[in-house]
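Student: Before I ask anything, let me first share the structure, which is written out below as C-alpha cells.
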Amino acid sequence: MAATKIIDAPRNGHEMAPLNTRARGDGTHGVTIVLTAPQRNSVQSVDIPGGDPERAAWSGKMQFFLSIIGYSVGLGNIWRFPYLCQQNGGGAFLIPFMIMLILEGIPLFLIELGMGQRMRLGALGVWNTIHPWLGGIGISSCIVTLFVALYYNVIITWVFFYLFNSFRYPLPWSSCPTNGTGFVLEECAKSSETTYFWYRTTLDAAPSMDEPGGLKWWIVLCLMLSWTIVFFIVMKGIQSSGKVVYFTSLFPYIVLTIFFIRGITLRGAGAGLMHMYTPKVEKLLEPTVWLDAATQVFYSFGLAFGSLIAFGSYNTPKNNCVRDVLLVSVCNAVTAIYASVVIFAILGFKATMNVDRCVASNTEILVKHSFLENKNATTLEYEHAMDRLNDTEKTLFQLSECTLSKELDNAAEGTGLAFIVFTQAIVELPGAPFWAVLFFTMLLSLGLGSQIGILEGMLCTLFDIDIIKRVKKQHVTGVVCLFCFTVGFIFCTGAGEYWLKMFDSFAGTIGLVVVALMEMIAVIFIYGHERFTEDIYQMTGYRPGLYWQLTWRYIGPAIMVCILASSVVFMVIRNPTYGAWNAELGVVEQKEYPSWVMGIALSMILAGVLPMPIVFLMRSFQCLKVDLDIHQGSIRRNETTASTKEMIDNDDDDDDDENDFSGPALGGHVKTQSDGDFSDDDEEDKPMTMRMMMMRPTTTSNVLNVPTSRKQNYSKKDAYDV
C-alpha cells in the first residue's frame, strides 16, 4: 500500500483520525511521521480559501447584491415591521430597532458573510471547520430555517389568493355579501367588509385551535402553487434563482415609490405619519419589545438562518464583504422606514375616511333626537352637540367615539395589517383593482425573494452532508418542497392563521437569538477574534477596529443574553395568547393557547436549540456510531478533522512546498497525495471517512504519543520512525 502524506492542520482537540501503518518486512509494523510547521494565518497562502474549488459562484457583483437585497428586504419590511411598530409604541420601536441594528445586526451580518466567504462552505461546514464540537450550530440553524420556511410560504399562499381576486371588479372585499332575502349577512355587518372577506371567505376561520375544521381546498391549491413556483426557482441553486432576483429585488421599490407618491397626496396622510413617529416611551420598559426588535433585525437581515453564509460562500475570496455589509445594512434600514412611511400614510387616509363615516353616522342620530338641526352641521356644531351629552346618554343613543387616534391605534391586527387594513384603504382609492394588483404583486415578489434565500441557506447546509451531496440538487429540493407542502396542510385548516401566529411567536424568535449568540461565541472566542480580524483584512484590506471588537466580544453577547433571560421570564409571567375569530360577535377574541399546543411550541424551541449540546456531547465523548452521518459533512470537506496532528509520511522526500495548503481551521483543505494510487482522471482528494476509519484494522502493538503543544517548532524534514 502506498504511503500517504497529509499536510499539517492546526488542531482543535478533536483527535479521531488513526495513524497509517505499513509493513517493514520484518514482521513488525511502523509509522513514519513528518512534523511540519504551522501554516500562516492568511488567505494569501492559498488560491482558494476552502470548500469546493468547483463551487457555484455569482455571475457578477450585481447578481450577488440583488440576491442579498431580495433576501434581506422581504415581507418583514412591509408586513412585520409596521405591525411591530404599531404594537410596540409607534416611533418608540425605532429606538430598540436601531440599537439592535448597530450593536447586533451589522456585527453578526459581517460574521456570517465573512465566514462564508472565507471558508466557502455552508453553515454546517463552517461550524464543523471552526471546531467539530460546534457542528450543532449548523443543524440548529437548519431546523429553525425549516420552521420559518413552513409558515413563510403560507403568507405567499394568501397573497396568491388575494392577487387572483384583485382582478375582479368591484373588488370582492369592497362590500358585504347578502343572504337570500337581500339582507347583509350579520357576521359581515358586525365586523367590516374586509374583515369578513379575510376571516370568512379567505380563511373560513375556526372558533379556536381545538376546533380546526377541515382543509380549505382553495388554500391547499394556492399552497401547492406557491411551493411549485419556489421549487422551479431554487431547483438549480443560484444558476436559476440568480436570474429571478432582478425582478424580486427591483420591482418592490418601484411599487413602493408609486404608493409613496400616491399616499402623501391623500387626506389624512400627515396624521398617519405623526402617529407613526410619535413615540410611546413607556413601551421600552417591556422586555418583549426588545426581543421583537432583536428578532426583527434577524428577520430583516436574515441572520442565523445560514442563508448569508451560503451567499457569502459563492463570492470570490477577495470580495469586499465589509462594504457589502454596510451597503445592505443601510439599504435595509432605509427600506424598512421608507415602507413604514408608505404604509402609515395610507393608513392615515383610511383612518380619516373611517372617522368621516363615524361622524356622519353620529350626526344622523343627533338630528333624529333633535340635538342638531340638519345633517349639514359644521364640525364646530357637531362637537358642541357631543359635548352636551354625558357618557350615559351617548351609550343610550348608541353614539360612537370618532377619534383619529383610536382608528390608528386599531390599525394593526397581526397579519391583518396587509390583508384587512391595507385592503380597506385600497378600496377607498380610485381604480381600486389596479392598486390591489400592484400591492399584492409587490408582496408576492418580496415574499418569493426571501423564501428563495431561506431555502438556499437550508439546502446549502444539507449539501454539506456527504450522503446528500451525492444526490442531484433537483431531487433534494423536490423532496424538501414536497415535505414542506405536506406539513403545510396544518395551515390550510380553519385554524391556519392561529398556527401561523404560534410558529411566528415561538419557532422563529428564541431559537434565532440562541443560534446567533452561539455563532458569535464560536467565531469570536473559539475561532478567535484576532484570526477573524486578520481574515477580514486579508480579504478586504480593511482591519476591523474598536467598534467591531467591542460589539463582537462584549456588547453583542451581553445584549442577547439579557434579551433571552428577560423574555423567558416575561413569557412565564404572562401566558401567551392568540386572536381567535368570534363569528357571532364579529370580533377577534384573545384566547390562551391550549396546553397541547404549548407542548408543540416548546418542542419546536427545543428542536432548534438541542442539536448544539447534543452534537457537542456526541463528539466530545466520540460517540462515533451515532455521530457518523452528522460528521460526514466535516470529513468530506476537510479530509480529516481540524485537530488531526501532522502525521503519515511519504517516502518520497522530494516534494516541494507547493503542495502545502492552509489547514481547515483557516478555511483550506488538508491536502492528500499518494504515490501512484490514483490516476489523473481520479478525484484529487479521497477523504478518510468515519466509516472507513471504523472498519480499518488497528495495530495494538504500536503506541504513538504525538506532542500536543501547538507552539513547538518542527523542521519540515525532521522524521521519526517508530
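Any Cβ shown, glycine's included, is placed from N, Cα and C.
Note that the structure is predicted; figures quoted are calculated from it, not measured.
What TrEMBL records for this protein is below:
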TRANSMEM  64-81  transmembrane segment
TRANSMEM  93-113  transmembrane segment
TRANSMEM  133-164  transmembrane segment
TRANSMEM  217-238  transmembrane segment
TRANSMEM  250-277  transmembrane segment
TRANSMEM  297-314  transmembrane segment
TRANSMEM  326-347  transmembrane segment
TRANSMEM  434-455  transmembrane segment
TRANSMEM  476-500  transmembrane segment
TRANSMEM  506-529  transmembrane segment
TRANSMEM  550-573  transmembrane segment
TRANSMEM  593-618  transmembrane segment
REGION    640-722  region 'Disordered'
COMPBIAS  649-660  compositional bias 'Acidic residues'
COMPBIAS  701-712  compositional bias 'Polar residues'
Student: Counting Cβ pairs under 8 Å that sit 6 or more residues apart, are there three or more between the transmembrane segment (250-277) and the transmembrane segment (506-529)?
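Tutor: Contact between the transmembrane segment (506-529) and the transmembrane segment (250-277): absent, because fewer than 3 Cβ pairs are under 8 Å.
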Student: Given pairs 6 or more apart, does the transmembrane segment (593-618) have at least three Cβ pairs under 8 Å with the transmembrane segment (133-164)?
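Tutor: These two stretches do touch.
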Student: Do the transmembrane segment (476-500) and the transmembrane segment (133-164) share at least 3 Cβ pairs closer than 8 Å, excluding pairs fewer than 6 residues apart in sequence?
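Tutor: Yes, these stretches are in contact.
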Student: If I count Cβ-Cβ pairs under 8 A between the transmembrane segment (434-455) and each of 93-113, 297-314, 326-347, 506-529, 550-573, which range comes out on top?
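Tutor: Ranked by Cβ pairs under 8 Å, first place goes to 297-314.
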Student: Verify whether three or more Cβ pairs under 8 angstroms connect the transmembrane segment (506-529) with the transmembrane segment (133-164), leaving out any pair fewer than 6 apart in sequence.
Tutor: yes
Student: Considering only Cβ pairs within less than 8 angstroms, which of the stretches 93-113, 297-314, 326-347 has the most against the transmembrane segment (550-573)?
Tutor: 93-113
Student: Determine which residues of the chain contact the transmembrane segment (93-113) at the Cβ level, with the cut-off under 8 Å and only residues 6 or more beyond its ends counted.
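Tutor: Result: 84-85, 279, 283-284, 289-290, 292-294, 296-298, 300-301, 303-304, 308-309, 311-312, 321-322, 324-326, 328-329, 333, 336-337, 516, 519-520, 523-524, 532, 536, 544, 548, 551-552, 555-556, 559-560.
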